[in-house]
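Student: According to Swiss-Prot, the record shows the following:
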- LEU121, GLY125, HIS126, LEU127, SER355, PRO356, PHE357: (6S)-5,6,7,8-tetrahydrofolate binding site (BINDING)
- HIS229: site 'Plays an important role in substrate specificity' (SITE)
- LYS230: N6-(pyridoxal phosphate)lysine (MOD_RES)
Amino acid sequence: MIFDKEDYKAFDPELWNAIDAEAERQQNNIELIASENVVSKAVMAAQGTLLTNKYAEGYPGKRYYGGTAVIDVVETLAIERAKKLFGVKFANVQPHSGSQANAAVYMSLIQPGDTVMGMDLSAGGHLTHGAPVSFSGKTYNFVSYNVDKESELLDYDAILAQAKEVRPKLIVAGASAYSRIIDFAKFREIADAVGAYLMVDMAHIAGLVASGHHPSPVPYAHVTTTTTHKTLRGPRGGLILTDDEDIAKKLNSAVFPGLQGGPLEHVIAAKAVALKEALDPAFKEYGENVIKNAAAMADVFNQHPDFRVISGGTNNHLFLVDVTKVVENGKVAQNVLEEVNITLNKNSIPYEQLSPFKTSGIRVGSPAITSRGMGEAESRQIAEWMVEALENHDKPEVLERIRGDVKVLTDAFPLY
């Protein structure tokens, strides 16, 4: 806008070279990390504006600084678009991240030491759903629910029985590595049965909810949180939604001044852009293709008996694969695939026996390749390369050939 690329490169070549190298890496890699995506140029342009110069503590119409009339317009656009997209009465667009959005909900609805139920990390939950190393596990008495050991699916009857036993004040639904549809209506029934609040963290599936390809939690949850990146394809940040006016007031106070100071209005502008993009009819096609591409990749792994797809498949943007019959652990698999320029992450699987630094599985996601325009045929080919690379992880000539094939594919689907 004011400082163009060449000026920046001349001023700080070391940093620009690093950014340039990352741009090259993203172009030449197949990105399968389920929490990553490819934002539009419009999102990047908004985030790079001089809105970053402005302090705007407070909320539209109630700021602690002067000169915020234009900022109020920007933030209100983001709020109204979020409300329209998800069909909700109240939205807070200020959280800097999904973790901070979750923290704001906890601060609003419960007290330190209160009992909360959240999904076990190895079953697909998130750090902020009660992991001992997280603020959530340190501040509140989290009790983890799990998936059924045989089906690897959520067992709602078992969760209800557990809730009746521990009597939580809050139940957290949502996941970072669960490949099936979550029944939010069932979760609300469970919460009501024990007099608990229901919070849904839809960070991973928000884009699919927006596109109509996953049931919305909004009609059932007292509060819904999400990130604005991942499947929603916006900038990194958080978002909180509710239909309850009293809860909305508590949430606003928890975000500011409870957890944060000045909001990042340049990021909020980028959120507004992403929300407008998600309101476009074309986003429905994107959501459909994300699911088709994930299913196509999972199907390939299901055809190779040495790999085990957790729960047998996927209904969303990701799936997990147990790789321990082929390589030592998930970390080894991640490293092998990175050698052929396919990027994903090691991931724990239900009832994990290995440490989180090694894991038995990998997590595979389709949002980024779908944003690049790849379809089911490309997705199947990518999965075949993954299988071949892992089965031949000790054969450099095979890995070199696959790396060349990957380059041909990424050249055909430019990042921008």
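From the backbone N, Cα and C atoms, a Cβ is placed for every residue, glycine too.
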Student: Which number gives the other C-beta atoms within 10 angstroms of the C-beta of PRO356 ((6S)-5,6,7,8-tetrahydrofolate binding site), all protein chains shown included?
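Tutor: Neighbour count, Cβ to Cβ under the 10 Å cut-off: 15.
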Student: Which residues does GLY125 ((6S)-5,6,7,8-tetrahydrofolate binding site) neighbour through Cβ under 8 Å, counting only same-chain ones at least six apart?
Tutor: GLY118, MET119, ALA131, SER144, ALA175, SER176
Student: In Å, how long is the longest CA to CA span across LEU121, GLY125, HIS126, LEU127, SER355, PRO356, PHE357, which the record gives as the (6S)-5,6,7,8-tetrahydrofolate binders?
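Tutor: Those residues reach a largest Cα separation of 16 Å.
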Student: Among the binding-site residues LEU121, LEU127, which residue has the largest number of other Cβ atoms within 10 Å of its own Cβ?
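Tutor: Most Cβ neighbours within 10 Å: LEU121.
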Student: Looking only at HIS126, HIS229, LYS230, the recorded positions on record, which one has the least crowded Cβ, with the fewest other Cβ atoms within 10 Å?
Tutor: HIS126
Student: Cα-Cα separation of LYS230 (N6-(pyridoxal phosphate)lysine) and HIS126 ((6S)-5,6,7,8-tetrahydrofolate binding site), in Å?
Tutor: 14
Student: What is the interatomic distance between the Cα atoms of LEU121 ((6S)-5,6,7,8-tetrahydrofolate binding site) and HIS229 (site 'Plays an important role in substrate specificity'), given in whole Å?
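Tutor: Given the Cα positions, LEU121 ((6S)-5,6,7,8-tetrahydrofolate binding site) is 21 Å from HIS229 (site 'Plays an important role in substrate specificity').
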Student: Name, in the order they occur in the sequence, the residues of the same chain whose CB lies under 8 A from the CB of PHE357 ((6S)-5,6,7,8-tetrahydrofolate binding site) and which sit 6 or more residues away.
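Tutor: In sequence order, the residues whose Cβ lies under 8 Å from that of PHE357 ((6S)-5,6,7,8-tetrahydrofolate binding site) (at least 6 apart) are LYS331.
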